[in-house]
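Under the heading transmembrane segment, TrEMBL lists 57-78, 90-112, 124-145, 166-186, 206-229, 285-303, 337-357, 369-391, 595-615, 627-650. Residues annotated as compositional bias 'Basic and acidic residues' in TrEMBL: 667-686, 693-702. Residues or ranges marked as region 'Disordered' in TrEMBL: 667-702.
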Amino acid sequence: MEIQTEQKQPCQATVCGFPISIFFIVVNEFCERFSYYGMKAVLVLYFKYFLNWEDDFAITIYHTFVALCYLTPILGAIIADSWLGKFKTIIYLSIVYAVGQVVMAVSAIHDITDTNKDGVPDSMTFHVALSMVGLILIALGTGGIKPCVAAFGGDQFDEDQEKQRGTFFSIFYLSINAGSLLSTIITPILRAQKCGIHSKQQCYPLAFGVPAALMVVALIVFIVGSGMYTKVPPAGNILVKVCKCVGFAVSNRFKHRSSTFPKRAHWMDWAEEKYDKLLIAQVKMVLKVLFLYLPLPMFWTLFDQKNIPGSRWTLQATTMNGDFVRFLHSLSSHQTVNPILILVLVPIMDSIVYPLISKCKLNFTPLRRMTVGMFFAAVAFVAAALVQLQIDNTLPKFSSSTESQAKFINMVDGTLHITAGPEKFTLDPFTATQDYLTFDEPFEMSVNASRPESITLPHGNRTTLVIAREGFQLGYRIFQDFNTKPDQGYNTSLFLTGSCFGRISFTIENLLGNQCSFSRKLGFGSSFTYFIPSTFAMGENCDQHIREVEDIKPNSIHMAWQIPQYFLMTTGEVVFSVTGLEFSYSQAPSNMKSVLQAGWLLTVAVGNIIVLIVAEAAQLPDKWAEYILFASLLVLVCIIFAVMAMFYTYTDPAKIEAQFLNMEPEDKEKKNMEKDKKGMADESGKSSDFSSDEEKTKQSKL
């Protein structure tokens, strides 16, 4: 029995040929994406600095959450197409979504458990539990509505509005990226604010609260447009029907595998003995598209290389030089450059590129577009490999430093204070102990052993000087990571690391309050050691007495060289992803629109898994080789997909369903006639039996 909770309504008022209802859907999607990406922009920071989790554990939970968001669409699609319909599914799961966002905002209020008012939550377990509940609800909500909203938007158009529907999916994709762009810029700013009742801290409640408010707005906007929507009723438990139909076809074919049985046009036709031809035709359409989806996760494998935190492209940029472009890169690492490019490229593609291709009499079908999109992504990784080769030729082999670094060693008899930006550090006089004087290559130096005045390092070696006094031999030891502070014995040196947009200023102050100011341009990826000699004195030109040693040269390849690879990848995304959304809707049967949208989203989740598998299995020593490997795999998949597309026949699900619906009454009539004939035969058999019984009775009486 089919459950029909919604009624099909015709589209009424239009603006520029578009139903008014889609504007509510687009605004809803913008607010929802603002909510999702805004929360996600500060999620890892919340794990690290509020919940005090280790980096690896924080990243693991983050990726687990993202993966869950791309797995739950299957659940939402089943609920929408089988029971509630898309409209009610979006409403109910949006409520779950909004509650999850509110729970996340509440979990970030440190004053809730700060009973002693010291600014530190007294029950971190409470905050962890609350945040995990919030994330699970958000994953259910955002994943559940994801396939429904796009399909619901497509439902608002009539069959003769194919062009408008294609434009809608472009606008829909623009709204996704517009929400992502604004939220990823605004939310970190909100987090940087100070808030709290007993103590002022970084305002995570505000950073999570604004996305929660936007999700409530998204829900309200969607409900306001209720009377204008075209609502397609669900078709009952369609997934169970499909699975049973496929299972029966397979088992029936296996039973009749002998050559004595005539072959059928399609293996699904073996289900005709039990299931209607309409359902079989719909299953054929879905399976044909899902089979075409098999190669698609490889595109998302490459695409996510630039989007996720700590991705290969982000790490590549940290070994490059960039002043103003450094700012652009910091945006790209937070998924904002990509939305900006999409906002520019989508209108260009729809208004200029596609019409020009059409005028050139080229049949640029959706599957050909998707093939071209994958090819662009592969070329983007080739461009990244070329950039990496240039970096490898100029970057010192020993350097793994991703930021500029300054190290200070105090040789003065007395404590000094060094101020760098808002931070002030205490630097005690340097002393050496036997515990950490382990020399890789001990060497003599012509300096005063108790107070070295002239210090030199072998240029080009990745070294940090260890100065020995009190009779120990002078030498140096090699540290494996400049970003890791040395052990306890080396605590009288000061390490300052960070991104440098230009010159960085330091202020040295002694216990008497006298100060000396100096500044240096460190350069990205560089490392310098500054020695404050025992003869150092405050006063004019005091900074000239500070000795500087360049441990690592600054990076020399400019970040601007990454622009082509980002442009190529985003172009591929626009051509591939927008087309894929439209294709998934247009080729899906009327009762499985959301299911096929969920299948499309599932390719994204599989792509994330492939990233981990390939990266772990490859273990290539050179980064450029990894880029070429990924590009080669995508080119191979691109060729396979192109061949599959050549054999794909585009269908109009509405026409096919109409044909079978018109035929269905005839089939039912034939079945009824056969049933009636069988019934009549049974009745005649019964009457004859009854007559014979009467005869036997009469004869027995006689």
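From the backbone N, Cα and C atoms, a Cβ is placed for every residue, glycine too.
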Same-chain residues near the transmembrane segment (285-303), Cβ under 8 Å, at least 6 residues beyond its ends: 242, 246, 268, 367, 370, 373-374, 377-378, 380-381, 569, 572-573, 576, 580, 583-584, 587-589, 592, 595-596, 599-600, 603-604, 606-611, 614, 630-631, 633-634, 637, 640-641, 644-645, 648, 651, 653, 656
Among 90-112, 124-145, 206-229, 369-391, 627-650, stretch most in contact with the transmembrane segment (166-186) (C-beta, under 8 angstroms): 206-229
Intrachain neighbours beyond the transmembrane segment (90-112), with Cβ under 8 angstroms and 6 or more residues off its ends: 32, 35, 39, 46, 50, 76, 79-80, 84, 119-121, 126-127, 130-131, 133-142, 144-145, 148-149, 152, 196-199, 201, 204-205, 207-209, 211-212, 215-216, 218-219, 222-223
In contact by Cβ distance (the transmembrane segment (206-229), the transmembrane segment (369-391); 3 or more pairs under 8 Å): no
